[in-house]
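Asks: Checked Swiss-Prot, it gives:
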BINDING   Arg89, Tyr263  nitrite binding site
BINDING   Arg89, Asn175, Tyr263, Ser411  nitrate binding site
SITE      Arg305  site 'Important for activity'
TOPO_DOM  1-37  topological domain 'Cytoplasmic'
TOPO_DOM  60-73  topological domain 'Periplasmic'
TOPO_DOM  96-102  topological domain 'Cytoplasmic'
TOPO_DOM  123-130  topological domain 'Periplasmic'
TOPO_DOM  152-166  topological domain 'Cytoplasmic'
TOPO_DOM  190-211  topological domain 'Periplasmic'
TOPO_DOM  234-253  topological domain 'Cytoplasmic'
TOPO_DOM  282-289  topological domain 'Periplasmic'
TOPO_DOM  339-347  topological domain 'Periplasmic'
TOPO_DOM  374-405  topological domain 'Cytoplasmic'
TOPO_DOM  428-435  topological domain 'Periplasmic'
TOPO_DOM  459-463  topological domain 'Cytoplasmic'
Amino acid sequence: MSHSSAPERATGAVITDWRPEDPAFWQQRGQRIASRNLWISVPCLLLAFCVWMLFSAVAVNLPKVGFNFTTDQLFMLTALPSVSGALLRVPYSFMVPIFGGRRWTAFSTGILIIPCVWLGFAVQDTSTPYSVFIIISLLCGFAGANFASSMANISFFFPKQKQGGALGLNGGLGNMGVSVMQLVAPLVVSLSIFAVFGSQGVKQPDGTELYLANASWIWVPFLAIFTIAAWFGMNDLATSKASIKEQLPVLKRGHLWIMSLLYLATFGSFIGFSAGFAMLSKTQFPDVQILQYAFFGPFIGALARSAGGALSDRLGGTRVTLVNFILMAIFSGLLFLTLPTDGQGGSFMAFFAVFLALFLTAGLGSGSTFQMISVIFRKLTMDRVKAEGGSDERAMREAATDTAAALGFISAIGAIGGFFIPKAFGSSLALTGSPVGAMKVFLIFYIACVVITWAVYGRHSKK
């Protein structure tokens with residue numbers, strides 16, 4: 001029988017009977033199974049974000065270990081993982097319904113060991129060409145793609161009224177990997193903890209040694225552990241199975257492209273600022289030891305993402321998103337007042353404080369826009385199936401599939417911000433010697449998002 005205990009075991013068995021919208025089923029079985037899958041998914045996604053943003057901590061240190069790359073080249077290394085991550089999120093978003101959440105989570109976590117090991121060896125050899133670092137940075141992008149499949153997978157496990165909180169937790173705590181990496185990397189690069197594997201330090205002017213390989217090697221054992229945990233502890237849902245053909249129609253929805261734009265402004269800002277903040281700070285305030293502070297912004301943004309999902313469940317995603325974009329525009333304007341002019345003036349503490357506010361709102365908006373996506377696409381699909389005379393069971397199944405596909409595809413668009421923001425900073429600095437040009441573009445974009453959110457979802461919320 002489908003209600004046997006076999007599918008419930010934490011052995012990765014396929015669950016054939018899954019009805020999270022049924023209150024009795026949810027209380028008796030569903031909540032326990034969903035929670036277990038969520039809390040294994042979270043550390044897997046957290047580690048993926050650590051790997052995805054590795055170059056945000058490594059690039060700023062490459063000159064210290066003997067590499068002579070230009071500032072624009074270093075910005076490019078921080079930006080490229082977001083390019084491959086964004087492109088790969090599209091196919092990754094379709095993988096869970098094809099292969100199952102357990103199998104795909106284990107596979108996608110395990111393969112991240114490859115760029116981590118390779119980068120550790122590359123940074124120890126100053127003859128390593130720039131092209132090799134480009135390849136490794138693109139491979140780190142596989143980690144960024146994990147977000148699409150992870151969020152799609154978790155969306156299948158939870159009922160509609162709990163999806164905002166669940167997706168907020170998974171995404172928010174997963175996003176925490178950026179700050180965890182930026183906190184841990186500066187600590188471990190000062191320690192000879194992998195000498196047995198060939199890790200060699202480089203003498204610094206202050207007499208200390210920099211073991212840059214540790215910044216990537218430190219994640220390898222944890223990736224191995226949670227690959228095993230995903231394989232044996234998570235479940236595949238038979239009800240989530242769907243071919244790519246069944247998932248593609250969601251791309252025809254106009255709301256998909258509107259929400260992609262809004263998510264680009266929120267999550268794209270979060271991941272873009274995470275990738276480029278350390279390098280930008282180093283160019284504007286060269287005397288500041290920025291890696292001592294860099295982790296604070298992503299940490300606050302990740303916490304805010306969890307809050308954004310839960311807050312949207314209570315107040316409505318549109319309302320939270322609209323207010324959030326207004327705040328992002330205000331903080332972007334304030335940032336101009338904190339920068340030095342011709343190398344003179346400026347206040348790092350004011351710059352840092354405003355950027356923390358931007359990280360906060362980018363994280364909050366990431367959670368609120370994701371909640372909007374879940375609500376919008378579930379309702380659109382259920383209304384369509386009901387209008388066609390379909391059953392409630394079919395409506396719920398197709399709604400879950402469409403929502404997961406939309407979440408994955410929109411997350412791919414959002415990840416592009418991780419490329420554009422650091423690349424925009426690098427290009428603006430190369431052309432004008434200042435990041436102001438890039439910041440003006442961001443400000444205009446946030447104002448446009450205020451107008452779009454109000455025009456499409458604010459005035460016509462009932463529609």
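Quick reminder: no glycine exception, Cβ is built from N, Cα and C everywhere.
Buried or exposed, and what's around them? Tell me for each listed feature.
Replies: Arg89 (nitrite binding site) has a Cβ environment of 27 other Cβ atoms inside 10 Å.
Cβ-based neighbour count (10 Å, all protein chains) for Tyr263 (nitrite binding site) stands at 25.
If you draw a 10 Å sphere around the CB of Arg305 (site 'Important for activity'), it holds 31 other CB atoms from the protein chains shown. Arg305 (site 'Important for activity') falls within a helix when secondary structure is assigned with DSSP.
Mean pLDDT, taken over the topological domain 'Cytoplasmic' (1-37), works out to 72 on the 0 to 100 scale.
Tertiary proximity for the topological domain 'Periplasmic' (123-130) is limited to same-chain residues at least six positions away from its ends with a CB under 8 Å from its CB atoms, namely 58, 62, 65-67, 69, 73, 198-200, 212-213, 215-216.
Counting residues per DSSP class in helix, strand and coil order gives 13 helix, 0 strand, 2 coil for the topological domain 'Cytoplasmic' (152-166).
DSSP labels the residues of the topological domain 'Periplasmic' (190-211) in these numbers: 3 helix, 4 strand, 15 coil.
Here the topological domain 'Periplasmic' (339-347) has, by DSSP, the following mix of helix, strand and coil residues: 0 helix, 2 strand, 7 coil.
Long-range neighbours of the topological domain 'Periplasmic' (428-435) within the same chain, counting only residues 6 or more positions beyond its ends whose Cβ lies under 8 Å from a Cβ of the stretch, are 71-72, 75, 280, 283-284, 339.
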Asks: If I take the alpha carbons of Tyr263 (nitrite binding site) and Ser411 (nitrate binding site), what is the distance between them in whole Å?
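Replies: Between the alpha carbons of Tyr263 (nitrite binding site) and Ser411 (nitrate binding site) there are 7 Å.
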Asks: So which residues does the topological domain 'Cytoplasmic' (152-166) touch in its own chain, when a touch means Cβ under 8 Å and the partner is 6 or more beyond its ends?
Replies: 18, 20-21, 26, 30, 33-34, 37-38, 41, 93, 96-97, 101, 104-105, 237, 239-240, 309-310, 312-313, 317, 367, 370-371, 374-375, 378, 400, 403-405, 407-408
Asks: Of the binding-site residues Arg89, Asn175, Ser411, which one sits closest to Arg305 (site 'Important for activity') when you measure Cα to Cα?
Replies: Asn175
Asks: For nitrate, what surrounds Arg89, Asn175, Tyr263, Ser411 with a Cβ no more than 8 Å from their Cβ centroid?
Replies: Phe147, Ala148, Met151, Gly171, Phe267, Ile271, Ser366, Phe370, Ile410, Ala412, Gly414, Ala415
Asks: With DSSP as the yardstick, break the topological domain 'Cytoplasmic' (374-405) down into helix, strand and coil residue counts.
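Replies: Secondary-structure breakdown of the topological domain 'Cytoplasmic' (374-405): 28 helix, 0 strand, 4 coil.
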